[in-house]
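Colleague: One structure coming up, written as structure tokens, with questions to follow.
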Amino acid sequence: MSTEPIAVSITGLRKSFGDKTVLDGVDLTIRRGEFVVLLGPSGTGKTTLLRLLTGLEVPDAGEVLVPGRRTTVYQEPRLIPSKRVLANVLVGLRRTRSNRAAGLAALAEVQLDGKADQWPATLSGGEAQRAALARALVREPELLLLDEPFAALDALTRLRMQDLVGDLVARHRPAVLMVTHDVDEAVRLADRVIVLDRGRFAVDTAITAPRPRERADPDILRYQTEFLAHLGVGGSDRRPIRSAS
């Protein structure tokens with residue numbers, strides 16, 4: 001069991017919209033440096049859970065404890081067109097030499113050296129998403145929330161971004177909760193994968209396969225098959241693999 005401090009603690013979380021219960025008694029703990037991926041069909045409450053962690057939604061019941069420094073990277077980079085790349089990375093921060101240096105260092109970490117003075121419109125989709133990552137990193141988050149951050153990218157760029165995010169998380173050690181529909185992506189990146197179904201966690205599984213993870217590895221295929229079954233794809237034999245502990 002990890003001895004890292006707990007970054008996220010959720011107990012008995014309930015959230016409804018009108019007559020529809022979206023989250024029904026959810027319990028979740030994420031430790032610092034732990035990469036947790038949330039899978040589930042559309043409309044099962046994945047994004048609602050992220051919004052509760054950011055404070056954009058308020059729970060109807062239960063307790064949500066999160067660190068003060070937290071930030072979100074979305075599917076769309078959300079760069080401000082009228083600000084240059086470095087200014088986008090530093091948006092909302094004080095204009096100091098130290099912050100400028102931190103912004104340039106963050107751009108270097110995401111391999112955007114030399115792009116600081118460019119306009120967002122000149123960036124490719126992958127570069128724009130890397131700028132969004134730099135904007136998150138410069139805030140030194142204790143909790144990093146990723147809302148389908150690679151969904152709009154082509155397959156090759158997506159793989160490169162997965163590798164980059166994995167490296168950055170290993171280096172900076174925030175707690176991470178990522179929402180995705182991509183089972184391959186989940187198994188490739190996660191320390192734990194959770195499947196959300198009808199407002200509850202149907203699966204909470206530790207991924208113990210060594211890194212780097214290859215799709216052809218039998219253990220990886222086993223995890224993928226299990227998660228796909230819980231998502232209603234493939235076979236219907238839903239035997240548990242291994243519970244997170």
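Backbone N, Cα and C define each Cβ position, glycine as well.
Heads up, here are the entries from Swiss-Prot:
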- 8-223: domain 'ABC transporter' (DOMAIN)
- G40, P41, S42, G43, T44, G45, K46, T47: ATP binding site (BINDING)
Colleague: Cβ within 8 Å of the ATP site's Cβ centroid: which residues qualify beyond G40, P41, S42, G43, T44, G45, K46, T47?
Modeller: T48, L196
Colleague: Just counting, how many other CB atoms are there within 10 A of the CB of G45 (ATP binding site)?
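Modeller: Result for G45 (ATP binding site): 25 neighbouring Cβ atoms inside 10 Å.
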Colleague: Using a 10 Å cut-off, grab the number of neighbouring Cβ atoms around the Cβ of P41 (ATP binding site), all chains included.
Modeller: 13
Colleague: If you skip the near sequence neighbours and keep only those at least six away, which residues in the chain come within under 8 angstroms of K46 (ATP binding site), Cβ to Cβ?
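Modeller: Long-range Cβ contacts: L38, L39, G40, V179, L196.
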Colleague: Just how many other Cβ atoms lie inside 10 Å of the Cβ on G40 (ATP binding site)?
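Modeller: For G40 (ATP binding site), the count of other Cβ atoms within 10 Å is 23.
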Colleague: Please list, in sequence order, the residues in the chain of T47 (ATP binding site) that are at least six apart in sequence and whose C-beta is under 8 Å away from its C-beta.
Modeller: D147, V179
Colleague: If you count other CB atoms within 10 A of each CB, which of S42, T44 wins among these binding-site residues?
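Modeller: Output for this query is T44.
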Colleague: What kind of secondary structure is T47 (ATP binding site) part of, going by DSSP in three states?
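Modeller: In three-state terms, T47 (ATP binding site) counts as helix.
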Colleague: Note down the number of other Cβ atoms within 10 Å of the Cβ of G43 (ATP binding site), including every protein chain shown.
Modeller: 11
